[in-house]
Amino acid sequence: MEADKDDTQQILKEHSPDEFIKDEQNKGLIDEITKKNIQLKKEIQKLETELQEATKEFQIKEDIPETKMKFLSVETPENDSQLSNISCSFQVSSKVPYEIQKGQALITFEKEEVAQNVVSMSKHHVQIKDVNLEVTAKPVPLNSGVRFQVYVEVSKMKINVTEIPDTLREDQMRDKLELSFSKSRNGGGEVDRVDYDRQSGSAVITFVEIGVADKILKKKEYPLYINQTCHRVTVSPYTEIHLKKYQIFSGTSKRTVLLTGMEGIQMDEEIVEDLINIHFQRAKNGGGEVDVVKCSLGQPHIAYFEE
């Protein structure tokens, strides 16, 4: 069989040597491309894994507290261009968690100098019922937190349109949207631009005049007629959100002190917190006005620090 195979290859070489060489070259090229593809897929997978890990590390989830805003005055704009957008900005600072281990307590003083004095004294003897307990005061090292500014702009000239049916070619749908949103009887007006995304079934409509977007947004839906069929598309404000001045910070709490050495105490935590509070309220013990005390005698607790 091996001899027959060699004879066959020899016959192929004799009858079409150029084609045989070309086939061999193509085969080698295909093998090389296949190897490169496998290598590239491995590199892509590795980079995607690293990207996911980096994304998880810098993901932020914060519940922004409700803030009451006070209306002060009305400004008269110098020209219509100042009415084209509504903008606002606010700063967000994340809370930094700290785990209080069993036998530890955190005490926060009203003044920084009191906390620093308690730390500098290091050893303190606190009377816990019949026990004169020695505790050690240490600074509280905090994990990294983040701080950034959020800028939000709401356009008075543009609107978002979603739930657009995929029934026309892209250029036809763009023309249909422009025609539909320019009809004044439906609250529309002259359209300056249509940015249509067929894949997501959405579009951004930009109007020429201020006020048209506001009229359309009052109804939340808008009629879109295609081939004598009325489709109800959803309209919503067009907003742009920017994150600026993103900062990662870490450090040591200036007013809070970590107390250790209470592992052997078996009492109600609130009673121990009151006794610690009383001890460190006294100036003769190196203390001062106490803001809050939190101790852990059983399960660890999580305390949150704000900037």
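Positions of Cβ are set from backbone N, Cα and C atoms, glycine also.
In the predicted structure, the coiled coil (30-64) carries a mean pLDDT of 69. Annotated coiled coil per Swiss-Prot: 30-64, in sequence order, evidence recorded as sequence analysis.
The ubiquitin cross-link annotation in Swiss-Prot covers K22 and rests on experimental evidence.
Feature annotation from Swiss-Prot assigns domain 'NID 1' to 103-192; the stated evidence is a curator's inference. As a summary of secondary structure, the domain 'NID 1' (103-192) carries 25 helix, 46 strand, 19 coil according to DSSP.
According to Swiss-Prot, the domain 'NID 2' annotation covers 201-292, on the basis of a curator's inference.
The phosphoserine feature in Swiss-Prot is assigned to S16; the stated evidence is a large-scale study or a structure entry.
If you look up Swiss-Prot, you'll see 1-24 marked as region 'Disordered'.
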